[in-house]
Amino acid sequence: MTDRLVVLISGRGSNLQAIQDACARGQIPGRIVGVISNRPEAAGLEIARRAGLPTQVVDHRLFSSREDFEIALSEAIAKWSGDWIVLAGFMRAFTPSFVDRHRGRLVNIHPSLLPAFTGLHTHRRALQAGVCWHGATVHFVTAELDGGPIIAQAAVPVAPEDDEATLAGKVLAAEHRLYPQALAWLCRGQLVLDGESLRWREFPPMRERCLLATHSEDSACAPR
Ligand code: GRF
C-alpha cells in the first residue's frame with residue numbers, strides 16, 4: 001500500500017506538479033488522492049484536473065470564522081483518508097487546534113532558509129538584507145508560523161544581479177527538487193515528528209537533505 005497525499009494549494013501549483021511528476025515516476029512511494037484549494041481561481045486546480053486528480057474547493061471567504069473553515073477543510077481531508085497533508089503554496093495560517101488535530105502529518109514548504117524570513121515576501125526581504133544564501137525549507141507544521149522542525153533545506157547563492165523575480169525562480173526550481181525528496185522519506189517512514197523534534201529512523205544522504213543548488217537548475221550540485 002502506498003501512502004496517500006492530500007495536497008493543499010492556493011495558487012499556481014508548480015510544487016503540486018513537481019510532486020505529481022515524482023509520484024508518477026515512482027520517486028515518491030505514494031500518490032496524490034486529492035487536491036484542495038481555498039481559492040476557486042487557483043491555477044493549480046487546472047494542473048490537478050489535467051492530471052486526473054480529484055479536486056475540491058473550500059473557499060475560506062464563505063466561512064464566518066477560521067474554525068468553521070478548518071472544520072470543512074478537515075472534512076475534505078478525511079474524505080480522502082490522507083496519510084500526509086502537503087501544503088504547497090497554501091496561503092492560510094492554521095489555528096493551533098487544526099495543527100494539533102493533524103500533528104505529525106502536516107508538512108509545508110517555505111521559500112526561505114528558515115528560521116530566517118518567516119512569513120511573506122521572503123525573496124524581497126532576503127535581497128534587502130543582503131544575504132549571500134537564500135533558499136527553501138520543508139518542515140513539519142506546528143502551531144508556530146513557519147516554525148516547525150526542519151526536514152530538509154535547499155540553499156541557493158544570491159548573485160549581485162539578482163532581483164526578486166530571478167531569485168524567486170531559482171528558489172522555486174530548488175523547491176521542485178526538494179519537496180519530492182522530502183516526501184519520499186516521509187512516505188518510506190524514514191522520519192517522524194516526535195514531540196517537538198524529528199526522529200530519523202534512516203538518515204538520508206547529506207547531499208539530499210542539505211541541497212546546494214547552483215544558479216543553473218540542471219547543474220545543481222551537492223557538497224562532496
Ligand atoms: C512556493 O514558493 C512555496 O514555497 C510557497 O508558495 C509558493 C507556491 O508556489 N509556500 P506554487 O503554487 O507551488 O507554484
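Using N, Cα and C of the backbone, Cβ positions are placed for all residues, glycine too.
Here's what TrEMBL has on this protein:
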ACT_SITE  His110  active site, proton donor
BINDING   Gly13, Ser14, Asn15  N(1)-(5-phospho-beta-D-ribosyl)glycinamide binding site
BINDING   Arg66, Asn108  (6R)-10-formyltetrahydrofolate binding site
DOMAIN    4-183  domain 'Formyl transferase N-terminal'
SITE      Asp146  site 'Raises pKa of active site His'
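Within the same chain, residues at least six positions away from Ser14 (N(1)-(5-phospho-beta-D-ribosyl)glycinamide binding site) with a Cβ under 8 Å of its Cβ are Gly44, Gly89, Leu172, Glu175, His176. Of the chain residues outside the N(1)-(5-phospho-beta-D-ribosyl)glycinamide site list Gly13, Ser14, Asn15, Ile9, Gly11, Arg12, Leu16, Gln17, Ala18, Gly44, Ile47, Ala88, Gly89, His176 have their Cβ within 8 Å of the site's Cβ mean position. For the residue listed as 'active site, proton donor', the nearest of the recorded positions by C-alpha distance turns out to be Asp146; the candidates were Gly13, Asn15, Arg66, Asp146. Within the set of recorded positions Gly13, Ser14, Asn15, Arg66, Asn108, Asp146, Gly13, Ser14, Asn15 have a CB atom less than 6 Å from some atom of ligand 1. Checked against Asp146 (site 'Raises pKa of active site His') by C-alpha proximity, the binding-site residues Gly13, Asn15, Arg66, Asn108 yield Asn108 as the nearest. In this view, the densest Cβ surroundings among the recorded positions Arg66, His110 belong to His110, judged by other Cβ atoms lying within 10 Å. For the pair formed by Gly13 (N(1)-(5-phospho-beta-D-ribosyl)glycinamide binding site) and Asn108 ((6R)-10-formyltetrahydrofolate binding site), distance between Cα atoms is given as 14 Å, rounded to the nearest Å.
Counting Cβ atoms from all protein chains shown, Asn15 (N(1)-(5-phospho-beta-D-ribosyl)glycinamide binding site) has 23 others lying within 10 Å of its own Cβ. Every protein chain shown contributes to the tally, and the Cβ of Gly13 (N(1)-(5-phospho-beta-D-ribosyl)glycinamide binding site) ends up with 23 other Cβ atoms within 10 Å.
Asn108 ((6R)-10-formyltetrahydrofolate binding site): 23 other CB atoms within 10 A of its CB, across all protein chains. It is 25 Å from the Cα atom of Arg66 ((6R)-10-formyltetrahydrofolate binding site) to that of Asn15 (N(1)-(5-phospho-beta-D-ribosyl)glycinamide binding site).
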